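Pulled from Swiss-Prot, these are the features on record:
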- 53-63: compositional bias 'Low complexity' (COMPBIAS)
- 76-174: domain 'BTB' (DOMAIN)
- Ala2: N-acetylalanine (MOD_RES)
- 38-79: region 'Disordered' (REGION)
Amino acid sequence: MAELHWTRQWRGWEGVAAVRWATAAARAADPPALALRGRHPADTAASPPPPRTAGARARTSGADGRRRGRPLGPAQRGRYLLRDTRQTLGREPKSFLCRLCCQEDPELDSDKDETGAYLIDRDPTYFGPILNYLRHGKLIITKELGEEGVLEEAEFYNIASLVRLVKERIRDNENRTSQGPVKHVYRVLQCQEEELTQMVSTMSDGWKFEQLISIGSSYNYGNQDQAEFLCVVSRELNNSTNGIVIEPSEKPRFFRKRALECERTV
């Protein structure tokens, strides 16, 4: 089992946190986990650490010798325990966490405490997006966090794919801000009733459905009339040159064939 302990020691009025991360790896038959324990900002550096309770310690079952951990109780103010598997930490083979917790790279000469745990001085606030990306491969950044902070942590942990994603998001946000108010391109597509489902399902490249208008039909196929519709779709005007929309070549032919020459930019 791999444990990562956070103890915050706040210095100065501005609330700068010195975060001590301690990782201790124990070999066991069960897939190891990552445990995070933090101190509440109100705790001072002079206050001694509380004794570890039975619920905070990893236990060993008698049958298979597996070690188990349990979240800390709510009575222990400001302290929490987060567990994760070694498989998640090793998702990026060249990352810092994989080399430290999974490969036990001897080149990572990190300081250790009296228990042999590694000490890493980083801010745990931005560790959530890092861990979530290792879990499911998606970049999730809440409104309280900034992309620059996540980028800094991604570079520190040497997660190259995450670094690229964060840089792309920062670049998109900058482009959106520099372009001013968002403009939209509207397109009207004419289709028959039997083609409506296919047309909607083939929309791509950021096009969104806006409105469906029934216009009737003057065509007669045998004994059954085919109703006709106008489908209004739109998308943000991102890739443009002098107001002319540049459409990707891979857009479905059906989508282009049904487009009418009545698009306008608002």
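Placed from the backbone N, Cα and C atoms, the Cβ positions cover glycine too.
The shown structure was predicted, so the numbers you read here are calculated from the model rather than taken from an experiment.
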Composition by DSSP (helix, strand, coil) of residues within the domain 'BTB' (76-174): 49 helix, 7 strand, 43 coil
Arithmetic mean of per-residue pLDDT over the domain 'BTB' (76-174): 80
